[in-house]
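Peer 1: Sharing the features that TrEMBL gives for it:
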type     : residues  : note
TRANSMEM : B:6-35    : transmembrane segment
TRANSMEM : B:56-73   : transmembrane segment
TRANSMEM : B:79-103  : transmembrane segment
TRANSMEM : B:115-141 : transmembrane segment
TRANSMEM : B:161-180 : transmembrane segment
TRANSMEM : B:200-219 : transmembrane segment
TRANSMEM : B:234-253 : transmembrane segment
TRANSMEM : B:265-286 : transmembrane segment
TRANSMEM : B:306-328 : transmembrane segment
Amino acid sequence: MDTVVLARAFFGTSLAFHIIFATLGVGIPLMIVIAEILHQVKNDNDYAIMAKRWTKAFAVLLGVAIPSGTIVGVQLSLLWPGFMEIVGKVISLPFQIELFAFFIEALFMSIYVYAADRLPKFFRIISVILVAFGAVASAILITAVNTWMNTPDGFKITKDGTIFDVNPWDAFFNPSFISSAFHVSVTAYMTGAFAVASVGAYRLLRGKLSKNESMYHKKGFLLAMIVGLVFSLISSFSGHHSAQILHEHSPEKLAAAEGLFETQRYAPLSIGGFTDPKTEEVKYGIEIPWMLSWLAAGKFDTKVKGLYEFPRETWPPFYVHTLFNVMVGIGFLLLGLAAVALFFWWYYSKRKMRPYPRWLLFLLIFSGPMSMLGIEFGWIFSCSGRQPWTIYRVQTTAEAATQSQNLAPLFLLFIGLYVMLGVLTILILTSYFKRNPVSKEFEKYSGY
Amino acid sequence: MNEEVIAILVLWTFIFIYSIFGSIDFGAGFWAMVYHEHRTSAGKIANRFLSPTWELTNVFLVLLVVAFVGFFPKGAFTLGTVLLIPVSLILFLLAVRSAFMVFSYSVQGYRKTMFFISGICGVLIPALLITVLPVSQGGFISGFNGRDVLLIGKLFTSPSLYMYILFGLTSELFLSSLFLADYSKVSKQEGAYRLYRGNALLLGPLTLIAAVVTLMFLQPEANWLIDNLYDQRMWFILSFLAFLVGYTSLWMRNSDMDTAGKPRLALLAIVAQYGFASYGYGMAHLPYIVYPGLTIYDAFTAKETFYSLMIMYAVGLAILTPGFYVFWRLFLKDKRYLQQE
């Protein structure tokens with residue numbers, strides 16, 4: 001592999017690993033906040049137990065999220081020095097503000113975890129709200145840098161690469177920032193909810209629960225389903241809006257995502273299949289006539305640009321069509337599952353019956369991992385769909401990459417690190433919750 | 001003062017703050033390993049400090065990198081290219097250390113492993129961090145086919161590097177001993193206090209010797225620095241005076257315990273000692289970030305970016321200060337936390 005491909009594989013692996021923990025790190029705190037508030041409102045200790053157990057899981061995940069985030073942040077300079085030189089001049093502002101958000105999260109996380117028993121209730125809730133705020137703010141600010149790579153703004157550059165006329169705030173609020181940052185946040189909330197739902201579904205399906213435990217898991221599961229439904233619904237709208245931004249600002253990315261070669265009005269939407277590089281068309285896909293034009297700008301006669309419109313060497317790879325489809329497909333599947341689950345709950349609990357059929361619980365065990373997969377596919381789509389550019393139409397990935405030659409052994413070292421951390425995280429979480437089952441928690445709270 | 005100088009002043013201040021907090025953090029990890037199962041509460045005290053704080057210290061390290069990229073993008077380009085291997089190793093060790101710190105609080109079985117890993121990393125990470133200094137002084141980078149390459153063989157066989165590491169490690173252990181002595185005193189743990197005070201008494205003179213020896217072993221390419229350091233001698237005299245104040249205050253009478261010493265005063269004076277010395281060193285190093293190829297003027301960011309960064313630092317500081325205050329009250333002052341069993 002040449003250095004550029006190696007650098008991409010290396011950095012991609014680091015990000016793919018980090019994004020799991022980062023996404024849960026945004027999603028789970030929201031669930032904790034909701035549980036803490038429900039505990040106060042309903043005066044039901046089950047919610048306090050939920051908050052406590054989710055916090056424990058969150059703390060473990062944060063233990064990986066922080067160092068893996070540190071790795072990603074520093075590796076940017078190590079693997080993409082050419083890129084960071086421009087970043088430093090133009091878009092270092094959100095990076096820096098992100099640090100403050102990160103400080104807020106780390107400060108109040110320590111306070112919430114290590115000082116909860118010494119704090120008044122009110123302050124405890126404020127602490128956990130600030131943790132959740134810090135987490136989502138970090139995600140939004142980092143997304144600002146990524147969106148700036150997709151739709152760069154706020155500077156001018158001469159042919160020889162001198163940068164002038166910098167406006168850091170314009171770079172920050174680049175055209176795709178608001179839409180993408182919103183999409184990143186709501187999909188993270190959706191993933192956090194489905195991660196909780198997965199665990200709940202597993203417990204409910206396995207049965208052998210005491211009455212208390214069953215009540216506890218049902219409450220948690222229902223809460224996760226409601227939050228999951230709300231945020232997957234919002235995600236679908238915000239995803240749609242993001243695609244419209246693509247139509248406006250990154251037409252070749254949209255064309256590659258849809259496998260569209262000819263520029264046309266009344267463009268069809270192709271779902272599934274793959275883009276055949278020889279015949280230059282989508283094979284085995286389902287075509288919905290006129291739909292793409294309508295989705296792109298709300299009118300059937302919208303002109304959608306095809307790949308032939310652009311020089312061949314700037315085409316994104318064809319596989320982004322599949323990435324895009326999987327991301328969208330997972331989104332709709334989860335939206336449907338959550339809606340069905342809530343329908344069953346509404347229908348059966350009125351009739352005092354067991355609310356969820358077993359097949360549904362079985363499917364919902366996979367909702368958390370699937371949601372995470374959707375996030376991964378979305379990020380890979382966003383970044384490979386921008387190729388060959390690192391900064392769209394400003395800097396190619398090859399120009400940005402490091403020229404150091406010894407990447408391969410380091411890459412292997414870090415793959416080993418990620419495997420080890422991943423395995424350890426799973427072991428730690430399972431062994432902790434096995435030794436501290438919910439039933440133990442009820443004993444502690446029975447004195448209230 | 002022009003913008004470049006203000007930027008390097010801010011950045012250097014961050015580096016100084018991190019070097020103090022980092023020393024205390026990594027040092028506490030080291031002492032927690034050494035005094036694990038010690039008859040005094042020395043190990044416990046080190047851990048009690050570490051649990052809530054290591055994440056913040058880690059965030060500060062990222063802040064350094066981000067501030068460096070923001071203020072001096074070309075510097076990030078050069079050092080990013082050159083330091084690929086040492087910095088990757090630091091990242092690797094940091095990840096292992098942080099993960100085990102968290103895991104050990106969830107699963108008791110990991111405690112021993114954690115103490116060991118965190119203690120070893122507490123020595124290795126600072127040793128690798130300090131390699132930046134000799135590299136920045138010249139002689140270890142060669143231009144090769146138009147790109148900069150670190151002469152890694154030359155660096156790791158150079159006595160200068162090992163003297164720096166020696167100086168770095170003695171300083172780390174000195175500062176962390178002093179800090180933990182103070183922390184033990186606030187926690188009313190006389191046994192632990194006596195132990196950490198003893199360490200500090202031993203390590204203090206060693207740091208001075210290490211500093212002098214490091215200067216004697218500087219690589220020949222760094223001769224420019226020696227002359228500049230001599231011009232900054234006022235800072236080093238002040239630094240030495242601060243050391244005398246700090247060191248002697250470890251023998252002053254104290255009202256709470258039988259063992260002598262005013263560790264809070266000692267800690268503050270020694271921090272001042274390092275403060276004076278690092279500003280002296282920093283001034284001598286100017287205008288170079290990396291000698292001889294890269295000055296703060298070549299590396300500087302866009303002016304507009306500089307101003308917006310400065311404004312945001314002010315805003316961020318204003319927002320965070322109350323948070324830090326609450327944090328300090330809860331973990332460094334609150335007797336319910338400090339004096340728990």
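Every residue gets a Cβ built from N, Cα and C, even glycine.
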Peer 1: Counting Cβ pairs under 8 Å that are 6 or more apart in sequence, does the total for the transmembrane segment (B:56-73) and the transmembrane segment (B:115-141) reach three or more?
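Peer 2: Result for the transmembrane segment (B:56-73) with the transmembrane segment (B:115-141) is no.
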Peer 1: If I count Cβ-Cβ pairs under 8 A between the transmembrane segment (B:306-328) and each of B:6-35, B:115-141, B:161-180, B:234-253, B:265-286, which range comes out on top?
Peer 2: B:6-35
Peer 1: Which sequence positions outside the transmembrane segment (B:6-35), separated from its termini by at least 6 residues, show Cβ-Cβ distances below 8 Å to it?
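Peer 2: Result: 42-43, 46-47, 49-50, 53-54, 57, 60-61, 63-64, 67-68, 71-72, 97, 115-116, 118-123, 125-126, 129, 171-173, 175-177, 179-180, 195-196, 271, 274-275, 278-279, 282, 286, 296, 300-301, 306, 310, 313.
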Peer 1: Which residues, given as numbers and ranges, are at least 6 beyond the ends of the transmembrane segment (B:200-219) yet have a Cβ under 8 Å from it?
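Peer 2: Sequence-distant neighbours of the transmembrane segment (B:200-219): 134, 137-140, 158-160, 163-164, 166-167, 170-171, 173-174, 177-178, 181, 225-226, 229, 243, 246-247, 250, 266, 270, 277.
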